[in-house]
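Swiss-Prot annotations:
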- 85: active site, tele-phosphohistidine intermediate (ACT_SITE)
- 70, 85: Zn(2+) binding site (BINDING)
- 33-137: domain 'PTS EIIA type-1' (DOMAIN)
- 85: phosphohistidine (MOD_RES)
- 70: site 'Important for phospho-donor activity' (SITE)
């Protein structure tokens with residue numbers, strides 16, 4: 001009875017996603033790539049980074065680290081699956097300018113450094129530096145609330161709130 005009355009012991013399905021990069025937060029529809037802008041990979045936001053560091057947006061586990069180190073997948077404790085894709089068409093760089101600081105299966109806390117990258121090199125060699133942050137299991141989410149139009153600080157600015165079904 002007290003558990004229900006005071007919410008004690010209840011597991012929350014809500015996850016706060018903090019900015020994995022420092023920069024301007026934009027609507028996912030502003031990404032100059034139809035796959036991300038059309039939400040085909042999932043709903044979310046994008047950040048135009050001002051520095052070359054990606055941190056974990058949640059407490060969770062690294063479920064995928066692309067061998068080219070340009071993209072990483074994290075699973076939050078509530079089941080939210082987050083893909084961070086640094087820049088557009090960066091896969092063609094074949095890992096040049098990217099360094100991973102974590103490995104698959106590793107537990108991480110919000111704010112832990114995941115990837116560092118050469119922002120100038122991406123500007124020079126890729127289509128864009130804009131970085132989509134998407135919820136890949138959007139169909140399992142009850143709601144995704146985004147915060148756009150702000151300048152985010154990595155590891156602290158809330159950019160999404162995801163409630164799972």
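Even glycines carry a Cβ here, placed using N, Cα and C.
Reduced to three states, the DSSP call for residue 70 (Zn(2+) binding site) is coil. Other Cβ atoms within 10 Å of the Cβ of the residue listed as 'active site, tele-phosphohistidine intermediate', summed over all protein chains shown, number 24.
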